[in-house]
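**Student:** The compositional bias 'Polar residues' feature in TrEMBL is assigned to 224-237. Positions annotated as domain 'Major facilitator superfamily (MFS) profile' by TrEMBL: 34-478. Per TrEMBL, the feature region 'Disordered' maps to 224-264. TrEMBL lists 32-56, 76-96, 108-129, 135-152, 164-186, 192-213, 313-332, 344-364, 376-398, 419-443, 455-475 with the feature transmembrane segment.
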Amino acid sequence: MLSKDGFYTFLYGQKVGNSDAPFLLNIRSSNAFIITTISIAVFTDIFLYSLVVPVLPFALTGRAGVKEEDIQRWTSIFLSVYGAALAVGSPIFGWFADRSSSRRAPLLLGLLALGGATAMLCAGSSLPVLITGRALQGLSAAVVWTVGLALLSDSIEREKLGAAMGYMAAATSIGSLCGPLLGGVVYANAGYYSVFSMGFAIIGLDISLRLMMVEKIVARQWSPPTENSATTDSPSVRGSAGEEIQPVPATTGYTDSEKMPQRPLPKWTKHMPPLVTLLRVPRVLVAMFGCFVESTSIASFDSVLPLYVKDTFHWTASGAGLIFISLVIPSLFSPIFGGLSDKFGSRTITTVGLLGAVPFWVLLRLVTHDSIGQKVLLAALLVLIGLCISLVFAPLMADIDHAVALEEKKRPGSMGKRGAAAQGFGLFNFAYALGTLIGPLWAGFVVQNGGWGTMGWSLGLLSGVCAVTTFAWSGGRIMLREKGRSEGAVV
């Protein structure tokens, strides 16, 4: 039986009085455990968001009384509500997270919101209840993304952050694409409530991991002084109190031996949140645009792919779910792509991913009728699009953190005492949310009015435009190479 202090230590990961270190502290505060916990948290939110994607066309009519001819419209609106809540919540929760004494507490609050949302979606039988549950899911995801990614920024050496973000990108892709896969199969074979049973099981795992995780800044309270001093020879970790800043890697355009030019902020921004400063950095804006494009791409499939294969190939909910496996497989390589961006920078790899996707989007128009060859063609194109998406997410997520760190060095104190990692990821998440909001509407209404082929080339065009901007700005403005000018400078 745990004492009061022991229970508090286990629950919050913080030292109470003269209490001993929490059980398995080294494991619970290790990089591997923190990455696993945040990956599972991201996966859980996205998985539960997408779990009902293949179920909606078959369940809305039976549970909410939606007419058959209105299914496409309500499917798109239902998915976009999540994106709207995510967009509203991300900057707000990012601002609060950078002022919170712990990254861990907001994560637990997000979990409570997710549990309530899942219960509403499971038990709801009317459109208002289902839409409210979806909005609550979006708010939960806003907490997990902003706080979780900021916690990674606090914990992982910056030159290894791209690989860590690769696991987040993989969790995002796997969650968003495995949700429809498993949702369709389970719904077809076991029914509506069995679909949500999977969700509650994953929430239980998520609860366990979030309670066990100990932040590194908290774990250092039990570290001997000699260990703390020994860490000065290795890359430092930016703690949640903002007392340590990692050295900026070569991809930012500076090394520790170079003098960092410091630029004063405009007077009108001095009393504004760091969000205002970050929104003036082209490198941040380009990363947000890239995230928006890729999120739009994924969300568009959520809206139209199940219905398209149902109408074209006459597949059931099970088949509509299984087709998403073509998009899942490439996301498993996201950690590798993130590691490559750590080594070579984000510009080349993101540009290749965005530009390479263009022809595959356009070629989707060739899938027009029911045959084995057409099914193979669709699966192959989805694999290639998924591969291109995986090339983009992790490098851009890491680039946001590099840009924030560079601003902190250029303008000491402008990001606040704790830094602005959560707010930077809040902006990134805001862009992702806009994609989940616009993607289903874009794809749904374009398919309805212009056809499947028009949807493909329009998203291909969007990807091509984004490739130009990432080539110019990802990793810092390509034109600024002379010493003393900062990549990613505000112009």
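Heads up, the Cβ atoms here are built off N, Cα and C, so glycines get one too.
Could you place these features in context, so I can see how deep they sit and what lies close by?
**Tutor:** For the transmembrane segment (32-56), same-chain residues at least 6 beyond its ends with a Cβ under 8 Å from one of its own Cβ atoms are 71, 74-75, 78-79, 82, 107, 110-111, 114, 117-118, 121, 137-138, 140-141, 144-145, 148-149, 151-152, 155-156, 164, 167-168, 170-172, 174-180, 182-184, 187, 192, 195-196, 198-199, 202-203, 205-206, 209-210, 212-213, 215-216, 302, 306, 317, 320-321, 436.
Residues 41, 44-45, 48, 52, 63-64, 66, 74, 136-137, 139-144, 147, 193, 196, 199-200, 203, 206-207, 210-211 of the same chain lie 6+ residues outside the transmembrane segment (108-129) yet bring a C-beta within less than 8 angstroms of a C-beta in it.
Same-chain residues lying 6 or more positions outside the transmembrane segment (135-152) and placing a CB less than 8 Å from one of its CB atoms are 34-35, 38, 41-42, 44-46, 48-49, 81-90, 92-94, 97-98, 103-104, 106-107, 109-111, 113-114, 116-118, 120-121, 161, 164-165, 168, 215, 240, 397, 401, 421-426, 428-429, 432-433.
Beyond the transmembrane segment (164-186), the same-chain residues lying 6 or more positions past its ends with a Cβ under 8 Å from any Cβ of the stretch are 31, 35, 38-40, 42-55, 148-149, 152, 156, 194-195, 198, 298, 302, 306, 316-322, 324-325, 327-328, 330-339, 386, 389-390, 393-395, 397-398, 401.
Sequence-remote contacts of a segment are chain residues at least 6 beyond its ends whose Cβ falls under 8 Å from one of its Cβ atoms, and for the transmembrane segment (344-364) they are 162, 251, 290, 293, 297, 337, 378, 381, 384-385, 388-392, 395-396, 398-399, 452-453, 455-457, 459-461, 463-464, 466-467, 470-471, 474-475, 478.
Within the chain, the transmembrane segment (376-398) has long-range Cβ neighbours (under 8 A, six or more residues past its boundaries) at 149, 161-166, 168-170, 172-173, 177, 287, 290-291, 293-294, 297-298, 301, 309, 323, 326-331, 333-335, 337-338, 341-342, 346, 349-350, 352-354, 356-357, 360-361, 363-364, 366-367, 425, 428, 463, 470, 474.
Residues of the same chain lying 6 or more positions beyond the ends of the transmembrane segment (419-443) and with a Cβ under 8 Å from any Cβ of it are 49, 75-77, 79-80, 82-87, 90-95, 97-98, 103, 138, 141-142, 145-147, 149-150, 153-154, 238, 242, 245, 273-275, 277-279, 284, 287-289, 291-304, 396-397, 400-401, 403-404, 407-408, 455, 458-459.
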**Student:** Determine which residues of the chain contact the transmembrane segment (313-332) at the Cβ level, with the cut-off under 8 Å and only residues 6 or more beyond its ends counted.
**Tutor:** 54-55, 57-58, 169-170, 172-174, 177-178, 180-185, 187-189, 298, 301, 305-307, 370, 374-375, 378-380, 382-383, 385-387, 389-390
**Student:** Other than its close neighbours in sequence, what residues sit by the transmembrane segment (192-213), given a CB gap under 8 Å and a spacing of at least six beyond its ends?
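**Tutor:** That would be 10-11, 13, 28-29, 33-34, 36-37, 40-41, 43-44, 47-48, 51-52, 55, 59, 63, 104, 107-108, 111, 114-115, 118, 121-122, 182-183, 186.
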